[in-house]
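**Student:** Feature annotation from Swiss-Prot assigns zinc finger to 21-82. Here Swiss-Prot flags C27, C30, C51, C54 as Zn(2+) 1 binding site, drawing on sequence analysis. Annotation comment: Swiss-Prot describes C43, C46, C74, C77 as Zn(2+) 2 binding site. Annotation source Swiss-Prot lists domain 'Protein kinase' at 108-478. Summarising the annotation, Swiss-Prot assigns compositional bias 'Low complexity' to 426-456, 466-503, 533-542. The feature region 'Disordered' is assigned by Swiss-Prot to 426-585. Marked as compositional bias 'Pro residues' by Swiss-Prot: 513-532. Marked as domain 'WH2' by Swiss-Prot: 542-562.
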Amino acid sequence: MDSSTANSSGTAISKAEWKPDQSSLECNDCQLPFTLIRRRHHCRKCGSIFCDSCSSFYSILPIEYGYTGQQRLCRSCNNSFEQKKQYFETDALVAQFQLRSTAQFEYSKPLQDIGHTKHGLRKSYCMAKNSMGGGEECVVSIITPTPSSCPWSMSNEKKKRKFEKTLLSLKHPYILTPINVEVSGANDKILVIRTFFKQGSLRDQVYKSKPLSPYDTKYIYKQPKSSSSSSSSSSSSSQSQSVLPIKSIQKYCKQILESLLYLKSKGIQFSHLHLSNILINQSNDTCQLVDIENCLLGMKPLFNDYIYGIGLPQSFKDNLEVICFGHCLFEMIIGIPLGDHSNINSFIPLFPDKVFLLLQQIFSEKTPTLEELVKNPWFEVTTTIEQQSLQNGKLKKSQLTFIKDNSNKFESPKVSLSGSFSSSNISKLSSSSSNNNSNNNNNNNNNSNTFNNISSNDDKRKSMKLPSSTSLLNNSFNLSNNNNPSSPSTSTISPNSSLISSPPKTPILQTFTPPPPPPPPKSAPPPPPPPSSSKLPPSSSSRNSLLESIRNADNAKKLKKTTPNTKPKSSIGPHSLKPSSTKKK
């Protein structure tokens, strides 16, 4: 299978390299060995080998991956892909509603994950059009700062306004100031709108990639084809590896250093410096820094794990911008990321003159400062900075204090717990815990003393066992009976009486395990039987005669004689009212 394909836009995208079947004898997920029945299957995203049950997930990958239709994915790739997909969809909806509220910008389309994977699920991008700027295209960064990472509260309206004004006030010729900043408090998202440069970033220029392609597919180092001759000079190899002209590298480096000095003068140590955060402005042939807001939102830098690693000198942590600048310089010349700083010794033949000595100076134990690095003769390139732009970049005192309080507050367990476990809170907790421990110790000592005084010499074993049980009971009841002075006095009672009175076990057992309900009493009357003749009302002569007439047809005459007896009972009827009314008249 060919490792590279071309999408509809004409950009070459490298697929994930499939591992050979012989390289894995068991599934990478369930660790079960492969057999004739349990066959090998490759994940289309990562290229690893799994069994059928561990890779039975199908999803449609973006066209940049070079596949069409649903493709087989492993469990981890499917979860991350679906999670990012849902996250991007929600961010796109938030951006649509937020941009619709402003009459200046119009939502165009969502973008793939063009940012670095270090941001995880906290950053996505979309395209918009500036209606007031002649319909120019803009890139909208949708940031979701987590509560543990953001040093200021998103629910504070004053902090929101201060963040917007501070970010818009940072103006410099080599810093791309946002056009607008929108804070969506309902969704805890921040929208930073910038001008879109078709040339992309410096990393796009190094890797010759499209700016809007996914991050994990466009930055793939491709080693140039070696010549037929086995021997090659160092000059020819340096020319093949130097992807950018040396003069352009010198000019860009000088501009980057000047922008870093401006940010340092405002109190921002821009540790988020890498080639993806340096855009190329072709109109005036300059480079401009972006994503300055990352320093004010507590997001981790790209080189955070490397700089704060074990065994690195303290000068690396004190000069974060210089270390990041050294990584950028190495990648602009060689064309691949540096990784560990000791790797520069492996590329000595590829460096131009004085560059290797400069990198050695940057990654030494005594790292130079920005002011010392700018004075290096290798950066002596004429650059003009307008004085008006520097005047526009001045900040107010309130904005400088906001930067001082919130800049470079990286997300870490210590930083996230600083609000709840401050020094004052720790002192309060320690004092309260010491008081509780002292009270408990005093109670235990009092209990043991009383029992030791009461117990006799012959009954030492019993007296040694009693304090442990009663002290536990007293400690448990002291929490609920702090205001009752009689509760601790139970320890002065004799051991036999304390054992009976102190543990209230019988009511607890009665409440939780009640006796079974008593059986129904025997004297209770049984359910009523069907009505019998004994309980019927007394029979009347009319009824008896009626029954006899039913039985014997000869009793019809008797029924006629007994009918007058029933008339007084029916005197209440409506016919009896007529004669009474006539008498009154």
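Glycine is treated like the rest: Cβ placed from N, Cα and C.
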**Student:** If you skip the near sequence neighbours and keep only those at least six away, which residues in the chain come within under 8 angstroms of C74 (Zn(2+) 2 binding site), Cβ to Cβ?
**Tutor:** N28, D29, C43, K45, C46, S48, F50, C54, S55, F57
**Student:** Write down the Cα-Cα distance for C77 (Zn(2+) 2 binding site) and C30 (Zn(2+) 1 binding site), rounded and given in Å.
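**Tutor:** The Cα atom of C30 (Zn(2+) 1 binding site) is 15 Å away from the Cα atom of C77 (Zn(2+) 2 binding site).
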**Student:** To what whole number does the mean pLDDT across the domain 'Protein kinase' (108-478) round?
**Tutor:** 74
**Student:** So which other residues, same chain and not among C43, C46, C74, C77, have a Cβ within 8 Å of the centroid of the Cβ atoms at the Zn(2+) 2 site?
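**Tutor:** So the additional residues around the site are R44, K45, G47, S48, F50, S55, L73, R75, S76, N78.
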**Student:** Go ahead and report the DSSP secondary structure tallies for the zinc finger (21-82): helix first, then strand, then coil.
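**Tutor:** Each residue of the zinc finger (21-82) counted once, the result is 17 helix, 14 strand, 31 coil.
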**Student:** Work out how many Å separate C51 (Zn(2+) 1 binding site) and C77 (Zn(2+) 2 binding site) at their Cα atoms, rounded off.
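**Tutor:** It is 15 Å, counting Cα to Cα.
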**Student:** How many Å lie between the Cα of C27 (Zn(2+) 1 binding site) and the Cα of C77 (Zn(2+) 2 binding site)?
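**Tutor:** Their Cα atoms are separated by 15 Å.
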**Student:** Quick one: of C27, C30, C54, which of the binding-site residues has the smallest count of other CB atoms within 10 A?
**Tutor:** C30
**Student:** Around the Zn(2+) 1 site recorded as C27, C30, C51, C54, what other same-chain residues have a C-beta within 8 angstroms of the site's C-beta center?
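**Tutor:** Other same-chain residues with Cβ inside the cutoff are E26, N28, D29, Q31, L32, R38, F50, D52, S53, S55.
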**Student:** Under 8 Å between C-beta atoms and at least six apart in sequence, can you list the same-chain neighbours of C77 (Zn(2+) 2 binding site), or say none if there are none?
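**Tutor:** Set apart from C77 (Zn(2+) 2 binding site) by at least 6 residues yet with Cβ under 8 Å, we have C43, K45, C46, F57.
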**Student:** Could you work out which of the binding-site residues (C43, C46, C51) has its C-beta surrounded by the smallest number of other C-beta atoms within 10 A?
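**Tutor:** C46, out of the binding-site residues C43, C46, C51, has the fewest neighbouring Cβ atoms within 10 Å.
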